[in-house]
């Protein structure tokens with residue numbers, strides 16, 4: 001049976017050796033070059049491949065068409081991935097006639113994602129294992145073929161557990177590989193409701209929170225001890241690393257981070273006390289805890305912290321252009337709930353953000369971005385993060401005022417981008433789900449889906465293309481001039497303060513606001529082309545939480561990334577949206593103050609939007625990047641969003657006497 005293998009690390013070596021022992025014909029092995037910054041305590045897949053006389057490659061992008069063609073030309077029966085760090089595209093997965101299999105270091109569906117070895121220790125688990133599963137587009141979500149359980153001892157470290165998992169992988173593969181060879185093997189679908197997903201870990205994740213319990217800190221130490229970078233804390237401005245520690249019970253309570261004794265070195269935590277058994281200063285040598293205390297100049301009663309005293313930073317200054325808009329005002333509210341942020345905003349109106357005026361951390365100027373260029377440049381220079389949210393984003397304007405869309409959405413925003421490059425400021429740019437255009441993929445993926453638009457005479461694409469070109473310009477500035485950026489793509493965010501009913505009266509609003517106006521005025525709800533178009537509707541609170549996490553940018557996860565923000569579970573046609581809205585309207589307490597429902601009316605898009613319009617049948621996001629980079633999953637159901645949006649708008653209407 002011919003196999004193509006993707007592998008890295010010790011488990012990659014174990015997988016290759018198991019395949020050879022089972023008599024598989026490995027035609028090629030794909031691996032990663034060793035990173036100079038990484039501690040190479042593990043075996044080399046490249047060396048293992050060479051010892052077996054198997055061709056080995058380390059492409060920068062294995063999903064490039066050239067590599068896809070090479071893999072397909074090998075006509076593999078099976079594909080195996082053993083700790084390979086990149087996802088494989090569907091074309092590669094589908095090239096294996098029997099199937100593609102991945103070996104994952106946990107008992108799926110638990111601990112999907114990156115670094116499960118470390119995460120299970122951080123979380124204090126007593127059992128883990130390895131899982132061989134079928135590979136599908138969604139990471140770690142395919143049917144389970146085989147599992148091998150591994151007990152976690154109380155004093156287990158990441159390295160000892162790693163060795164156990166490597167042996168478990170060899171044992172599992174020894175049993176299952178001959179079965180796969182027959183073409184008849186078990187496939188048990190995962191219970192996705194039980195899935196847990198974890199992101200990658202970096203050295204900064206070793207920072208000790210002394211307010212955690214002693215057992216939680218001990219678990220962290222075990223999870224990241226040598227050869228990983230280690231758990232760490234600070235005495236004043238000096239960093240120290242903890243290599244071995246244990247939780248103690250029954251000691252006198254004290255403020256978290258307080259040194260209780262120096263021989264042994266014992267620190268008070270948020271629950272119990274922690275004995276530091278071994279550690280070292282940042283540039284020192286490995287030593288016992290009491291010597292570490294002496295080296296750091298510690299005495300009983302001293303305070304240890306989670307960050308250097310000199311690094312306690314000022315608030316992050318966030319510049320929001322278009323702060324009075326739908327996203328801008330909700331984002332401002334979320335940022336002001338966290339004392340770590342200060343908001344500077346510009347917009348041509350202030351009705352939505354008037355509730356923040358007077359907050360000492362909110363600074364607002366009324367103005368137009370096309371006029372106040374000097375103010376904008378000064379504040380880009382002054383602030384840390386820039387969000388240019390000003391844009392014309394209502395479909396009817398794309399055909400009614402295409403040049404104005406281009407001038408504002410592209411030209412004015414390009415100036416802002418260039419100022420961010422000039423002053424080396426981080427930009428979080430609102431791309432759009434519209435950039436995917438008429439893409440035929442079932443779900444739209446930030447890194448792989450094609451961006452397809454219609455002919456030039458369909459002017460509705462001027463918004464999509466303006467945004468796409470800015471995405472490409474920002475990406476190029478990131479590659480060539482070091483611009484720090486994140487592109488986020490909202491998928492049909494809804495909620496209170498989305499447009500307003502006056503905008504809806506002239507057709508310049510999003511779908512739900514237009515539908516609410518029809519109900520309020522007693523006019524027929526117009527279903528463009530029958531309302532068959534499907535969209536994935538996202539609650540504004542879910543969207544803002546994702547955007548807030550992008551601004552936080554823990555471990556710089558979001559730098560240079562594109563992130564879809566949408567709710568694929570809230571997919572509905574525009575007609576279904578209208579029907580759900582009508583049901584909510586009919587049961588609302590204020591219903592009797594409004595005219596009777598006037599029915600639905602189907603309208604051709606060219607009649608409503610003009611001859612330059614063209615629509616898209618579906619638009620569903622992949623949110624894999626959001627899961628992976630910011631640990632985000634939307635939670636609000638569409639019915640709740642509709643109820644809250646309708647309630648907000650009905651309460652803004654000047655009520656008449658109840659209808660008879």
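Placement of Cβ uses the backbone N, Cα and C atoms for every residue, glycine included.
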136, 137, 138, 139, 140 bind (6R)-10-formyltetrahydrofolate per Swiss-Prot; candidate in 114, 201 listed for that same site: 114
Looking at the NAD(+) binding annotation from Swiss-Prot, with 368, 369 already listed, which candidate in 338, 339, 347 is the matching residue? 347
Alpha-carbon spacing, residue 136 ((6R)-10-formyltetrahydrofolate binding site) to residue 526 (UDP-alpha-D-glucuronate binding site), which is rounded to whole Å: 40
Binding-site residues compared (140, 368, 529) - highest count of Cβ atoms within 10 Å: 140
Please state whether DSSP places residue 529 (UDP-alpha-D-glucuronate binding site) in a helix, a strand or coil. helix
For a quick check of packing: other C-beta atoms within 10 Å of the C-beta of residue 347 (NAD(+) binding site), how many? 24
Using a 10 Å radius around each Cβ and all protein chains in view, which of these recorded positions has the most neighbours: 138, 526, 532, 619? 619
Check residue 114 ((6R)-10-formyltetrahydrofolate binding site) against DSSP and tell me helix, strand or coil, would you? coil
If we take the Cα of residue 102 (site 'Transition state stabilizer') and draw a 10 Å sphere, the recorded positions of 137, 393, 526, 619 inside it are none
I want the residues beyond 347, 368, 369 whose C-beta is within 8 angstroms of the mean position of the NAD(+) site's C-beta atoms, in chain order. 321, 322, 346, 348, 367, 370, 371, 372, 390
